[in-house]
Structures are given as C-alpha cells and as structure tokens.
C-alpha cells in the first residue's frame, strides 16, 4: 500500500507554510479528512491497520481517539476490530471525556489518531483513560510524521517524540517532514506567515 500516493491522489498532501497543533511549523501538512471522507477508502485503510495490530496479538477492549482529527480513523478502526469506540475532546484547552462515555476499571485501550506527529494529543487522551482506571496498551494511526518509533515499521524514536517508549505504535506508513520552532523556521525567515490548517479552507 502506497500511503503517500493515496494522500496525494486525495488532495490531502498539502504544501505551504503550516502551523501544526504542536505549535511547530512545517512546509507540509497531511489533511487526513480528505482521505477519510471516502467511506470505502477509510474502511480499506483501517482494515489494513487492524490486520497489523491483530498480527501483534495485542489484547484490548476499546479504542479511544482525541477529537477532532482522530475520530473518523478511530471509529473505523474500532469497526474493523469489532471494539467499542469513545473519544476525548478539549474543553477550555483541557482534554476531557464527556458525552456519557465511561471507562471501566482495567479496561484496555488503544489510542488512535489520524496522524501522529509528536504524539502530544494521543498522550493526553491516554492520561485521561488511565486517570479513570483504564489501561492503555498501545497507540495507532494512519501515519506517523517520523518522530515516534513505529513498532511494525521498525522506525526509530526521535527527540521530539512524546509517546511512552514502553508502548507500541502501529501505523500504515511514515512521512518524514521537517518541522521547526517558530524561531528557526526558514519559511518565517523568508517572510511567510504560518497558516493553521482549516483556517483558509485547507
């Protein structure tokens, strides 16, 4: 499966000057919503991701995703794995679990995102699950932006990674994009202004 080509074919592989959710800047952005708007393609991708997770014999009960980006990927992965699905969301900048969702004591979760960059949002969701008595046994995403170690791809962990080193991350592919702090962003130095994805129709 050529994940990069899938993103390009869907118009989801964007080039410009982007402000990422992590606060970093990048010349490239992956707009997974453009990939996941096709239900058949979303099912195909998450069926493949489910096969990878199953092959590692990870035992889990449910899947949780951070809103908003992770919801479609997480729901489709839950469908493919025949598991329960819940999501966390930000309220006043704090990640929370709402909408009547509950976590059972010792319930095992995989945290699923559409894209993992440093893993900050996924880690916030994991901490919510654990604070409610759940157990996080791994992480999953359609793609990794090259910072977190990926179990099935045997890719190394980089300094920016926030996901726990003792838990596996499973993805369909790696996208190796440079990301920058605002202070050393070459695009900023050229006079370009970073755009938050979604703010101008992207």
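Positions of Cβ are set from backbone N, Cα and C atoms, glycine also.
So that you can see what the record holds, here are the features copied from Swiss-Prot:
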- 93, 113, 114, 115, 116, 117, 118, 119, 120, 121: 5-phospho-alpha-D-ribose 1-diphosphate binding site (BINDING)
- 117, 145: orotate binding site (BINDING)
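All features noted in Swiss-Prot, drawn onto the structure.
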residue: 93; record: 5-phospho-alpha-D-ribose 1-diphosphate binding site; DSSP (3 states): coil
residue: 114; record: 5-phospho-alpha-D-ribose 1-diphosphate binding site; DSSP (3 states): strand
residue: 120; record: 5-phospho-alpha-D-ribose 1-diphosphate binding site; DSSP (3 states): helix
residue: 145; record: orotate binding site; DSSP (3 states): coil
Most Cβ neighbours inside 10 Å, all chains, among the binding-site residues 93, 145: 145
Entries of 93, 114, 120 which, being binding-site residues, have CA atoms within 10 angstroms of residue 145 (orotate binding site): none
Max pairwise CA distance, angstrom, over record-listed 5-phospho-alpha-D-ribose 1-diphosphate binders 93, 113, 114, 115, 116, 117, 118, 119, 120, 121: 20
Neighbouring C-beta atoms (10 Å sphere around the C-beta of residue 117 (orotate binding site)): 27
Neighbourhood of residue 120 (5-phospho-alpha-D-ribose 1-diphosphate binding site), C-beta criterion under 8 angstroms, separation at least six: 21, 22, 162
Cβ atoms near residue 118 (5-phospho-alpha-D-ribose 1-diphosphate binding site) (within 10 Å, other residues, all chains): 22
